[in-house]
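> Okay, so TrEMBL annotates it like this:
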DOMAIN    37-285  domain 'G-protein coupled receptors family 1 profile'
TRANSMEM  21-44  transmembrane segment
TRANSMEM  56-77  transmembrane segment
TRANSMEM  97-115  transmembrane segment
TRANSMEM  159-182  transmembrane segment
TRANSMEM  194-220  transmembrane segment
TRANSMEM  232-255  transmembrane segment
TRANSMEM  267-287  transmembrane segment
Amino acid sequence: NCTQVAEFILTGFTYNLELQLAIFMVFLVVYLTTLLGNLGIIVLIRTSPQLHSPMYYFLGNLALVDLIYSTVVTPKVLADLITEKPLSYPGCVTQNLVFTIFLVTDCFLLATMAYDRYVAICHPLRYSVLMSPRLCAQLVGGSYLSGLVNGMGQTVGMFNLSFCGSVVVNLFFCDLSLLVLLSLSDGTLTSLILTAGAFLFGVSSSLVILLSYVAIFSTILNICPAAGQRKAFSTCASHLAVVSIFYGNGLFIYLKPRLNKSREEDKWIAMLYTMVTPMLNPLIYSLRNQEVREALRRLRAR
């Protein structure tokens, strides 16, 4: 019969004060690197004419999405490491909404980038025709729309749950799949929404990536000169590294049995794809991409 608006206590990584200070400094460096790296990629792409191509158009949007969904989580984590404060119900709903919107958008942008590499390697002579500016804008718009649909669906699932008083969430952000277990109401509908979203958005985007790379590797293996194969592989290496880190950590968290959701090690795995991956993406693309390094050199010279 409780009608009180709930507040959520997000548990941190440790209660040891000395370790909290060390973790705070590490997370602060990670977040500042994320900000500088992703903002740098966005500015570099917008100010460098040689980077005005579909691949870098997608990369710029990926940097923006990484920046947003990291910002939704990390500042709250940093604040809790100094002084732990409960998160209100509207705050939890908002955090979950924004995070899930841009997390799914990230998935589809990675799938779009895989398709772009497929067209570039398997149909190089028709690349400029197939990857027209209009199609690129539609693919990016579709990615954001998919994220919005997923976020609204999860928000409906959140409103279907009821909580009473202070709810202790053994994670550092509001994860709906964990909140279902802590709810006082029947979470069948919410669980169904989560499952449907995982298959509709997660499986479909990963399937696009998988099929794209099957076709890419098949084409590369048919390239006779070894130098040509190395060049083709190098154009995909950065994207493959980002996809492996992102999907590897995410699948480990969300495909585990529900009863194991609150284990302590889950926090560190979740930290990898919410904080570390957005930091690594611009570093991976800038360090492995000759065009990005050259554009950065010209920008610094100007």
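Yeah, the Cβs are placed from backbone N, Cα and C, and that goes for glycine too.
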> Select the range from 56-77, 97-115, 194-220 that forms the most Cβ-Cβ pairs under 8 Å with the transmembrane segment (159-182).
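That would be 56-77.
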> For the transmembrane segment (56-77) and the transmembrane segment (267-287), check the count of CB pairs under 8 Å (sequence separation 6 or more) and say whether it reaches 3 or more.
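Contact between the transmembrane segment (56-77) and the transmembrane segment (267-287): present.
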> Which whole number is the mean pLDDT over the domain 'G-protein coupled receptors family 1 profile' (37-285)?
85
> Let me spell it out: take the transmembrane segment (21-44), skip the flanking residues so only those 6+ beyond its ends count, and list any with a Cβ under 8 Å from a Cβ in it.
12-14, 51, 59-60, 63-64, 66-67, 70, 74-75, 77-78, 81-82, 275-276, 278-279, 281-283, 285-286, 292, 295-296, 299
